[in-house]
Amino acid sequence: MTRSEKTRHFGNQNYEKLRKICIKKKQPFVDTLFPPTNQSLFLEQRQSSDIVWKRPGELHPDPHLFVEGASPNDVTQGILGNCWFVSACSALTHNFKLLAQVIPDADDQEWSTKHAYAGIFRFRFWRFGKWVEVVIDDLLPTRDGKLLFARSKTPNEFWSALLEKAFAKLYGCYENLVGGHLSDALQDVSGGVAETLHVRKFLKDDPNDTELKLFNDLKTAFDKGALVVAAIAARTKEEIEESLDCGLVKGHAYAVSAVCTIDVTNPNERSFTSFIMGSKRKQNLIRLQNPWGEKEWNGAWSDDSPEWQNVSASQLSTMGVQPANSDSDDGDFWMPWESFVHYFTDISLCQLFNTSVFSFSRSYDEQIVFSEWTTNGKKSGAPDDRAGGCHNFKATFCNNPQYIFDIPSPNCSVMFALIQNDPSEGLKKREPFVTIGMHVMKVENNRQYRVHTAMHPIAISDYASGRSVYLHLQSLPRGRYLLIPTTFAPKEQTLFMLRVYSDEHIHFSPLTKHAPKLGLLKCKSAQSVTRLTIHGVDFNSASTGTHNVYAILKDSRKSFRTKTLSGVKSIQWDEQFLFHKSKNRQQYKIEVWEDRKMARDHLLAQSVIIALIDNENRDTTLQLTDPRGTVIGTVSVTVSAFDDPMYL
């Protein structure tokens, strides 16, 4: 597992070196990799003589990168259909630490008498595990003396226009910014874990996932610095940018700038009794920013809505909640949560996990893997093939890369973020992403070798033909699990990055070997594989009180233990163990123990299993005898034994 935080220079352009050259020559920088011509605007060669490239100093006598800091109003969409990026930039203004990462050394880049002007700027975007520094000149496309694309409402502030230009360079040209993915833009400007929630699906899949839970989850993520953008999906091309009666726009993205709960006084209950007893109710609100800088929600809790009269000025001031300016249609508005989930269909958020061990707030364990789906030049399904496709392709599915991890406790939460490499960085021609996803299954407690026959999945991510997919696992039983990242179809080859975040450390490692070598010198090949499933025990009569019981499974060399469970007469484990052998007849011993905590553990009973390699799955019930030889119950077991060591 490797991780590199070193910044990569896009096009091998070094900002410091180029800036020194420009200052020495007393000439402002002109970027030859992204020239101020139609070549940088369009996918194909076009004539557009009315577009003039101008530097900020030609557009305003007192240009600045920032004017009084950054705010959502600094980012207003131009004629380019790139609300996905503009909304992400608007969301970025709520996380100053990230903004400083994307726009490094802003003070040194600012127009100032303290240092020479060189017409060169740098920005950073997160790509495939590294921050990529993109250098640009400050020549911006204009028409009739006005910026064509992103701009600030403050006429002499230019950070948003310059940031958009750097992003266009990363994507090959400005036209490539039309109609992108919200989650990609959020990830590019944050390096966080991107996830898109489909509101209807989220509320429908699990009846326990209510609107309130979604609100609380979103508020928690936002308060921790997550970047959040919401959108209303358009079903057809004709519906894109269609305005609804409520003021919202279909096929359009809005940056989320606040998520909060306020107290609202009931205007009909303002008597002395209600004052003493309390007549307030809670109202969940969300604040959004339209990148157009206009067109707002006009329903309850909109700018000039009467609902604001029922909220005290002191509460608004204390909570930092202020109704948007009712005197202008600036694209900034509040709306009630219940209306938000009614109209908005998708929520894209990019979470930033705290991985510092010195933090007082909750921190996460982070593990990162770089690998690839590749056939290794082999036929599909060959042992070294690592591009097997999804579970639909059963013959090759298990050929994919495999990663094993242990859940140490039932309260452990694990998040997986799978990202594929973008081969089109900086190119006009965009190669389509392959469809990717993740598949998780529970495996034997002692498995150390690759799975060859898929077991029942306990979780499957959405499959998406985008840059990344996300999977969150909660409340899994303690045990060993296998993660298989896949493309949808076999033989699809590309690099991928896998990030794992957990609130407890989990041992996460790749499985590369098919079977062990046996014998003293480790030179014998395994001839068979056996899976033993210990389901549970039933005692003939209930003893007094509840006992904590576990089982130990032994072969001639090793022993393995189940978890400890409490019970009176019956104990159910349903735990599996795997054995590779060089003999066709195998013997195993099962011991049932009482976990006495404060004293030495007590052997309750034992039994012996004779496993024949018969290529069958056999359920069997064995008698349990205590140390004196008395039968005191039974243990139920499934024996799956095969003469192909690479069968299971």
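The backbone N, Cα and C atoms fix where each Cβ goes, glycine too.
DSSP assigns C83 (active site) to a helix. Look at Swiss-Prot and you will find C83 (among others) tagged as active site.
Per Swiss-Prot, active site is recorded for H252 (among others), and the stated evidence type is similarity to another entry. Shown in sequence order, C83, A231, I232, I240, E241, N290 are the residues of the chain, 6+ apart in sequence, with a C-beta less than 8 angstroms from the C-beta of H252 (active site). According to DSSP, H252 (active site) sits within a strand segment.
Taking all protein chains in view, 28 other C-beta atoms sit within 10 angstroms of the C-beta of N290 (active site). According to Swiss-Prot, the active site annotation covers N290 (among others).
Here Swiss-Prot flags 28-353 as domain 'Calpain catalytic', drawing on sequence analysis.
Among the features that Swiss-Prot reports, domain 'C2' is placed at 502-625, with the record citing sequence analysis.
Under the heading region 'Domain III', Swiss-Prot lists 354-509. As a whole-number mean, the pLDDT of the region 'Domain III' (354-509) in this prediction is 92.
Here the Cβ of C83 (active site) has 27 other Cβ atoms within 10 Å, regardless of which shown protein chain they belong to.
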